[in-house]
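According to TrEMBL, the features are:
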- 17-298: domain 'ABC transmembrane type-1' (DOMAIN)
- 332-567: domain 'ABC transporter' (DOMAIN)
- 12-32: transmembrane segment (TRANSMEM)
- 52-76: transmembrane segment (TRANSMEM)
- 130-149: transmembrane segment (TRANSMEM)
- 155-174: transmembrane segment (TRANSMEM)
- 239-260: transmembrane segment (TRANSMEM)
- 272-296: transmembrane segment (TRANSMEM)
Amino acid sequence: MKKLFKYLRPYRLSISLIVLFIFLQCLCNLYLPTLMAKIVDNGVIKGDIPYIWRIGGFMLAVSICAVVLSISAGFLSSRTSSSFGRVLRSEVFAHAEQFTLHEFDHFGTSSLITRSTNDITQVQQLVNMMLRMMIMAPLNFIGGILMAVYTDARLSLVIVVMVPLLAIAIFAIFSRATVLFKSLQVKIDKLNRVLRENLTGIRVIRSFNRVDFEKRRFDDANLDLTSTTTRVQKIMATLMPLLMLIINFSTLAIIWFAGIRINNGLMQVGSLIAFIQYVMQLLFSIMMVSMMFFMIPRASASAARINEVLEKVPEIADRELVRHANGAPGTIEFRNVTFSYPGAEKPAVSNISFVARPGQVTALIGGTGSGKSTLVSLIPRFYDIDSGALLVDGIDVREQSQENLRSKIGYVPQKAILFTGTIADNIRYGKDDATDEEIKHAADIAQATGFIAEMQNGFDSFIEQGGTNVSGGQKQRLSIARVLVRRPEIYIFDDSFSALDFKTDAKLRSALKEEVSNSTVLIVAQRVSTVRDADVIIVLDEGRIAGIGKHRELLETCQVYREIVSSQLSEEESA
Ligand SMILES: Nc1ncnc2c1ncn2[C@@H]1O[C@H](COP(=O)(O)OP(=O)(O)OP(=O)(O)O)[C@@H](O)[C@H]1O
């Protein structure tokens with residue numbers, strides 16, 4: 001928790017003002033009962049109406065002051081805690097942005113979302129509470145005791161009995177609730193995960209008639225969260241009545257003993273009223289602090305989860321001294337590269353060596369799970385290799401800045417991703433300042449103009465979240481256009497033509513050939529027809545290179561390639 005407080009530093013001025021306002025408000029509150037005692041003792045009992053008016057008016061002024069100070073402090077503390085939450089959210093977001101895909105897997109998307117929203121809200125609420133309570137509670141407590149002792153020292157013995165009683169009750173309840181508070185956040189995570197899987201996988205769930213099963217799964221997670229929340233609430237619900245019982249007994253005891261003292265002429269009625277008010281202030285300050293303490297376990301569990309994200313050092317970081325390439329633009333060279341996913345038994349790709357040159361189309365083909373996607377994801381440095389060297393523009397990717405490296409690469413992922421916005425926005429994602437002509441040209445090459453023209457608003461048609469209102473093939477073509485508009489040195493198409501029909505696939509590749517003739521093009525594909533015209537074809541088998549060459553050469557030399565070809569093409573086609 002403490003580690004997060006450093007984000008409050010920029011708000012030192014606001015915090016100082018809050019402390020000052022609350023300090024003054026407490027002084028006002030402590031002064032009011034004394035004025036009240038004066039009115040009763042000197043005004044009411046003696047029947048001095050002008051005195052009542054005078055002191056009453058003064059009391060009103062003090063009360064108004066207290067209200068204004070309280071509102072100002074409340075306004076400032078809400079603003080400070082909200083800003084603290086905003087800064088923390090951006091920190092978590094910016095840090096998570098640097099994570100490698102492996103680190104994303106480690107936390108899980110749902111948990112990262114809960115940590116950036118609900119967990120930060122918990123900490124934010126505690127900060128808000130603390131800003132007000134940290135000064136108000138001790139002041140009211142100490143001031144209450146001092147003023148009570150000042151009003152009537154002997155009667156103050158009641159406090160000596162009550163305060164420990166109150167503390168024991170709070171501690172008993174507090175220790176039971178702490179454990180439950182911690183488990184609440186984990187259960188929210190779980191509920192979010194089930195909800196997310198349900199919402200994103202709704203088509204599969206419906207097609208497999210698993211709606212009832214998923215409903216039960218959701219109900220289980222929901223019930224689990226509800227039952228823990230209910231248990232916490234039940235414990236919390238006992239707190240208030242118990243505290244009120246102790247407070248009411250205290251009042252009773254005070255009135256009882258004060259009655260005896262007033263009867264004996266040792267105390268005045270006004271002092272009794274003031275005394276009760278001071279004791280109330282003191283007890284309420286204990287209650288406020290106890291409330292804050294109830295928030296601490298949950299907020300500190302949340303703070304630990306936030307810190308876990310903030311302290312996770314991204315596996316991939318830029319070297320302090322990065323090198324810039326000055327030759328061989330676009331050349332990609334794998335030198336005996338081996339890479340394993342963290343925790344995997346065997347490497348996903350082993351001993352890979354090849355060079356992809358500018359002006360050439362290099363294709364990767366292989367069975368499913370043979371390591372094609374893994375291999376191309378090493379080039380933009382989504383993962384770091386275990387051994388060997390991977391050079392882009394003649395320099396090891398680990399010696400370049402990630403931004404510089406990625407600016408050279410146009411990567412179309414296997415699963416096309418679109419963002420909420422118009423079609424033009426989605427294509428412009430590749431190049432912020434792309435003109436309308438450039439966008440149209442990219443769409444032309446990607447064979448997307450046809451279906452865009454058929455849409456109601458053309459390039460201004462809206463793409464829903466996740467691109468749900470366009471087909472798989474349309475999504476692929478838009479994500480290809482997004483890369484084309486960028487005109488990078490290197491194009492990586494990871495199985496990006498798989499959802500296209502043969503005709504569109506062929507048209508797109510021939511348009512692409514002219515468009516990107518000077519760049520390095522890497523095409524990952526399952527279909528032989530997509531790769532047969534490539535300048536170099538690399539055949540992958542279980543993470544190793546089984547053959548490198550042109551279509552005809554491989555047909556003669558590579559058994560794995562022959563098997564792939566014969567499984568897809570008729571004999572005349574393959575020739
Ligand atoms: N994020 C990951 N974590 C752990 N293992 C992974 C991960 N992604 C892929 N793998 C494993 O690495 C191997 C290669 O997978 P990869 O996705 O590179 O194959 P591919 O040839 O692209 O397959 P496909 O054509 O089906 O997409 C597989 O055994 C797969 O299980």
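Just so it is clear, glycine is given a Cβ too, placed from its N, Cα and C backbone atoms.
TrEMBL: automatically predicted annotations, no manual curation.
Source: prediction; values computed, not measured.
By number of Cβ pairs under 8 Å, the transmembrane segment (130-149) is matched best by 272-296 from the list 52-76, 155-174, 239-260, 272-296. Sequence-distant contacts of the transmembrane segment (272-296) (same chain, at least 6 residues past either end, Cβ-Cβ under 8 Å): 1, 29-30, 32-34, 36-37, 40, 122, 125-126, 129-130, 133, 136-141, 143-145, 147-148, 151-152, 155, 158-159, 162-163, 166-167, 170, 174, 177, 181, 236, 239, 243, 246-247, 250-251, 254-255, 258, 262. Non-local neighbours of the transmembrane segment (239-260) in the same chain are 152, 155, 158, 161-162, 165-166, 169-170, 173, 267, 272, 275-276, 279-280, 283, 287, 290, 294; each lies 6+ residues outside the stretch with a CB under 8 Å from one of its CB atoms. The average pLDDT computed for the domain 'ABC transporter' (332-567) is 88.
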